[in-house]
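Peer 1: Features from TrEMBL:
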| type | residues | note |
| --- | --- | --- |
| BINDING | 104, 130, 131, 132, 187, 188, 192, 262, 289, 448, 454 | substrate binding site |
| DOMAIN | 180-470 | domain '6-phosphogluconate dehydrogenase C-terminal' |
| ACT_SITE | 184 | active site, proton acceptor |
| ACT_SITE | 191 | active site, proton donor |
């Protein structure tokens, strides 16, 4: 089917861009795409044959075929390419047209582009899109931030293409300026943490419990039917049972243990440090990817220090599986809590005015970190609109208390055997630190005053004090 003018345009027809555009066309909107790669344009035309979608080869033709105000989404690599595409578009656009950056741009870049495009009278939305290629095709979670009038224009399209949970679209207006990309960045930080926590649970079951991949797959599938219900647990069950086409065995066992990263996890840690918000489980996940990259050094250290062989495992079989499930659930709660706390603090510091309940709501479907737990998180922020850290709620207090002993048991087993569980350990230490009325940081303050005259406060009287310690 052809149209004189198209409702929605996409620049960047890689797998994500092409799938998103086909999703738009599926939902009854006339969709137009372009890409500098001719093969990508041809692939769109082949896959979209008979649909309300078309690929063209030049930006000039692309812009001329869009209805006004033009609604143009970019799904291109973050960084200078985004700026180059925008600069190429500007001479072709009219005032009031809309540019949507759907990539993983750093929020500082989004702030800059938002302010720059305002001077050109072009409306800009920095928009997080989560769900991978399949989510883009079938319904992602979408996090638009920026010009609110632009949101009102694209809202009917984005609400239609987004994932649905209980009939609610997994998209909402996040806030002004760079808020959409900021929220997507923190989403990705949480994603890093959850992925590493699952990897650590797998490692404990395999190296401590001696479980086979198929048995672990069945266990993960069982967990996914309970309180650990989540996309990442679901796909981990699939990964564990996948056979290798090359060798007689499981594919997972021959995958090199060096995890790469694109930077969004690191950005989350960096901005959390800047705001003074602790997110140690996310930090630990980023750190473990860094450690994994030093494969040769790890091999040398393994030879140098050897393996640790403790006494017989006291916790086995169903008992170990139960303890690991509770430890993983505890750590999941903590990981989400850290990310949501960062968002709550950033909302004030960066003037985003975030709807925390709304963010939890749109993460329930379509995105990589979707999980049953998010319904409880949504409820917590709905019941307590000014909530900063969800571990302070009665609901999560009871669950964390109930699982803590299992975390300690699992970490005891891994510490005895020299098995690294940095993320789980960080989750427990975060929890224990926050529930401590007093921390040993009085010693740190005294040290700072001793060598740097940085002063300190006292618990028995008001004021700022300095001591001549010498």
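Backbone N, Cα and C atoms are what each Cβ position is placed from, and that goes for glycine too.
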Peer 1: Does residue 454 (substrate binding site) have same-chain partners at least 6 apart in sequence with Cβ under 8 Å from its own Cβ, and which are they?
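Peer 2: Those within reach of residue 454 (substrate binding site), by Cβ under 8 Å and sequence separation of 6 or more, are 445, 448.
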Peer 1: Round to a whole number and give the Cα-to-Cα distance in Å for the pair residue 104 (substrate binding site) and the residue listed as 'active site, proton donor'.
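Peer 2: For residue 104 (substrate binding site) versus the residue listed as 'active site, proton donor', the Cα atoms are 14 Å apart.
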Peer 1: Quick one: Cα separation, residue 131 (substrate binding site) versus the residue listed as 'active site, proton acceptor', in Å?
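Peer 2: Between the alpha carbons of residue 131 (substrate binding site) and the residue listed as 'active site, proton acceptor' there are 11 Å.
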Peer 1: If you draw a 10 Å sphere on the Cβ of residue 289 (substrate binding site), how many other Cβ atoms land inside?
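Peer 2: That number is 17.
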Peer 1: As a test of the contact definition, list every same-chain residue at least 6 positions from residue 192 (substrate binding site) whose Cβ is closer than 8 Å to its Cβ.
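Peer 2: When sequence neighbours closer than 6 are ignored, residue 192 (substrate binding site) has 261, 264, 265, 268, 282, 285, 286, 289 within Cβ distance under 8 Å.
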Peer 1: How many whole Å apart are the CA atoms of the residue listed as 'active site, proton donor' and residue 184 (active site, proton acceptor)?
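Peer 2: If we compare the Cα positions of the residue listed as 'active site, proton donor' and residue 184 (active site, proton acceptor), the gap is 10 Å.
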Peer 1: Among 104, 130, 131, 132, 187, 188, 192, 262, 289, 448, 454, which the record lists as binding substrate, how far apart in Å are the two most distant Cα atoms?
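Peer 2: Answer in Å: the longest Cα-Cα distance is 49.
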Peer 1: Which one of these recorded positions has the most other Cβ atoms within 10 Å of its own Cβ: 104, 131, 184, 187, 191?
Peer 2: 184
